[in-house]
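**Student:** Below is the structure I would like to discuss, written out as structure tokens.
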Amino acid sequence: MTASDTVEAVFKAVAASAPDVRDGLAGRRVYESTDNPTGDRQLAADVYADELLEERLLEIKRVGGYASEERESVIEAEAEGEYHVACDPLDGSSNLRSNNTMGTLVGVYEEPLPAAGRDLVASGFVLYGPITTMVTAREGTVTESVIGDDGTRRTVETDLTLPGAPTVYGFGGRVPQWSGEFAGYVETVAEELKLRYGGAMIGDVNQVLTYGGIFGYPGLEDRPEGKLRLLFEGHPIAHIVETAGGGSSDGERSLLESVPESLHERTPLFVGNEEYVDRLEAALSG
Ligand code: AHG
Ligand code: MN
Ligand code: MN
Ligand code: MN
């Protein structure tokens with residue numbers, strides 16, 4: 001099995017799981033009594049998606065380990081494997097009760113986890129919207145597929161790139177918790193783009209991939225590292241957007257330059273058209 005076959009097997013397994021994850025949501029909108037390692041209250045749907053993906057991904061030859069936002073530590077495969085998968089099984093799970101978009105994120109690293117962004121060989125996300133779609137980045141190109149009820153993918157766009165004329169923006173966190181520099185930057189962006197913030201990173205980033213613009217979740221006064229997780233959210237989404245010709249930042253440099261010390265490390269996260277990412281870094285450098 002080549003590297004490319006392994007990546008394809010991971011994408012195929014995530015796509016095949018999408019109808020099962022989607023079908024499992026309606027009856028799993030209740031909270032478990034547990035929190036995940038970054039303190040999110042876990043929905044039954046979070047745990048269900050995580051267990052389903054762990055099983056399917058660890059079955060793949062050459063996948064040596066599975067880590068997820070919902071698990072304290074890496075789950076090692078029985079057989080050795082040089083690829084390590086990091087998963088956000090359900091991104092935006094707080095949108096479940098309000099029936100808004102959610103997604104599944106996957107990153108394929110060629111080093112044991114936690115690994116550097118530059119160790120990503122492929123990344124992808126499933127978006128549970130009116131249509132179930134999957135966006136994947138590998139070998140320098142981004143592809144969008146529609147996932148059928150049978151879990152197979154139909155390619156609908158190849159070489160996906162961010163549009164040159166950006167139109168949307170969305171930033172998380174409460175405004176009083178934003179730094180003065182960041183609030184000032186958002187004021188300029190708000191004069192140029194339309195606010196689109198749906199509370200699930202994958203849905204919000206897919207709007208940026210479709211219409212151009214910028215999405216972010218900044219560091220906050222009371223939480224300077226922000227909310228989003230570097231390994232499970234930052235790296236894969238930055239890899240997708242940068243492969244689509246956009247930029248990413250933690251406020252200072254590309255998220256792919258970051259090497260997490262711990263599995264569940266958080267990071268400020270910004271992705272979108274390079275012009276807006278560059279202006280953000282200039283605004284935050286004071
Ligand atoms: P998850 O459901 O995997 O914990 O991720 C939720 C994240 C991300 O999807 C979204 O951008 C952000 O939380 C929204 O946070 P707020 O609810 O604070 O806006
Ligand atoms: Mn969560
Ligand atoms: Mn998430
Ligand atoms: Mn999640």
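Here the Cβ of each residue, glycine as well, is placed from N, Cα and C on the backbone.
Quick paste of what TrEMBL says about this protein:
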- GLU69, ASP88, LEU90: Mg(2+) 1 binding site (BINDING)
- ASP88, ASP91, GLU233: Mg(2+) 2 binding site (BINDING)
- ASP91, GLY92, SER93, SER94, TYR197, LYS227: substrate binding site (BINDING)
- 33-144: domain 'Fructose-1-6-bisphosphatase class I N-terminal' (DOMAIN)
- 164-284: domain 'Fructose-1-6-bisphosphatase class 1 C-terminal' (DOMAIN)
**Student:** Using C-alpha positions only, work out which of the binding-site residues GLU69, SER93, SER94, TYR197 is nearest to GLU233 (Mg(2+) 2 binding site).
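**Tutor:** If we rank GLU69, SER93, SER94, TYR197 by Cα distance to GLU233 (Mg(2+) 2 binding site), first place goes to GLU69.
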**Student:** Compute the mean position of the Cβ atoms of ASP88, ASP91, GLU233, which form the recorded Mg(2+) 2 site, and then list in sequence order the other residues of that chain whose Cβ is within 8 Å of it.
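**Tutor:** Nearby residues not in the site list: GLU69, GLY92, GLY103, LEU105, PHE125, MET201, ILE202, LEU228, ARG229, PHE232, PRO236, ILE237.
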**Student:** Looking at the binding-site residues LEU90, SER93, TYR197, LYS227, which have a C-beta within less than 6 Å of some atom in ligand 3?
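**Tutor:** Checked binding-site residues vs ligand 3; nothing flagged, none.
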**Student:** Between ASP88 (Mg(2+) 1 binding site) and SER94 (substrate binding site), how many Å separate their Cα atoms?
**Tutor:** 13
**Student:** What are the DSSP helix/strand/coil residue counts across the domain 'Fructose-1-6-bisphosphatase class 1 C-terminal' (164-284)?
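**Tutor:** Summed by class, the stretch gives 53 helix, 22 strand, 46 coil.
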**Student:** Between the Cα atoms of TYR197 (substrate binding site) and ASP91 (Mg(2+) 2 binding site), what distance do you get, rounded to the nearest Å?
**Tutor:** 14
**Student:** For the recorded Mg(2+) 1 site formed by GLU69, ASP88, LEU90, which further same-chain residues have Cβ atoms within 8 Å of the site's Cβ center?
**Tutor:** ASP46, ALA49, ASP50, SER68, GLU70, CYS87, PRO89, ASP91, SER93, THR104, LEU105, PHE232, GLU233
**Student:** Would you count the other CB atoms within 10 A of the CB of ASP91 (Mg(2+) 2 binding site), including those on all shown protein chains?
**Tutor:** 29
**Student:** List the same-chain residues at least 6 positions away in sequence whose Cβ sits under 8 Å from the Cβ of SER94 (substrate binding site), in sequence order, or say none.
**Tutor:** GLY199
**Student:** Rank the binding-site residues GLU69, ASP88 by how many other Cβ atoms lie within 10 Å of each Cβ and give me the one with the fewest.
**Tutor:** GLU69
**Student:** What counts of helix, strand and coil residues does DSSP assign across the domain 'Fructose-1-6-bisphosphatase class I N-terminal' (33-144)?
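**Tutor:** In the domain 'Fructose-1-6-bisphosphatase class I N-terminal' (33-144), the DSSP-based counts are 21 helix, 51 strand, 40 coil.
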**Student:** Out of GLU69, ASP88, LEU90, ASP91, TYR197, GLU233, which binding-site residues lie by ligand 4, with a C-beta less than 6 Å from some atom of it?
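**Tutor:** Once distances to ligand 4 are taken from each Cβ, GLU69, ASP88, LEU90, ASP91 fall under 6 Å.
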